[in-house]
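Novice: The structure's right below; bear with me while I get my questions together.
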Amino acid sequence: MSALVFGRAISKSLLTLHLFTQNDILTTIIPTTLFALVAAPLCSPYRCVHVVWWIWLHLLHFNVANQIIDPAEDGRNKASRPIPAGYISLRDVVYLRWCLVPTCLVSSAFYSVQVLSASLAITVLTLWYNEFKVHSHHWFSKNLMTGLGYACFQAGATLIASRDMSRLEPNALLAVLLSIAMFATTLQAQDFKDQEGDRSIGRRTLPIAHPSPARVSMFVGLPMWSICLTQVWGMDAFSSVAFVFYSGLVGLRFMVCKTTQADRLSCKLYSLWFSVAHLLPGYWRYFHEARMHIS
């Protein structure tokens, strides 16, 4: 094999791996990385690389496992994904899916037992979510399972960013618990844009099962969570009003803009809100915890 052919094969493989996770950069990789960096007392800037790598590797594992369950759905709903786009065969994806399990666990074990535990939890939840299809039983089980999985991502990433990778500080633990509740109750923001594909395979997401209440939940839920978070993390009045006002606009958009294209944009605006919400533990650390140490 010539160097040129080998280089093309490597480039295609890297592109394929990227395509498995590219749609989750805004919804998972960036918010979880930001969360880890502000929730943990970062011991070194070099840990940022480890944090992003660990999140991406486990996200790749989850997405590969998810996308082999029903490639036909992706063909209708997300044709740019690697399998329907023809970048990789279904057989090779199955091999990749099971090779990623030990890869994730072994790489996590190099950090700490606690990071390994987070990785093992993600592995079990991934198996439960995909192979056992818990996500298709009821919209609440889907939201709850995804919220728990997201919390495991946050816990593992925060541990890696921390000075002590064997424990979460109290504020970091509180942030993870709030995130579980927040994500489980607002996850439907990502389901509005996928209704056509979800309906075709019989999946009962909240926007499909209860369309009007689902949109009301965004209009009410985002401002309520924003108010709660501003109080928990002690934000100043100006920042609080701006954060709550933005969440209200995003929630209102879900209520009045109901086309698939509009829902895609609303989901992106929700992702921005979600990312900012994950920066708030850093607000507490900078403006309150630092002053407590000085005094």
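Sequential numbering from 1, following the chain as shown.
Cβ coordinates come from backbone N, Cα and C, glycine included.
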Novice: Look up transmembrane segment in TrEMBL and report which of 77-97, 140-160, 266-286 it refers to.
Specialist: 140-160
Novice: For the annotation transmembrane segment in TrEMBL, which listed range does it cover: 49-68, 109-128?
Specialist: 109-128
Novice: So which residues does the transmembrane segment (238-257) touch in its own chain, when a touch means Cβ under 8 Å and the partner is 6 or more beyond its ends?
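Specialist: Non-local partners: 189, 192, 215-216, 218-223, 225-227, 229-230, 263, 265-266, 269-270, 273, 276, 283.
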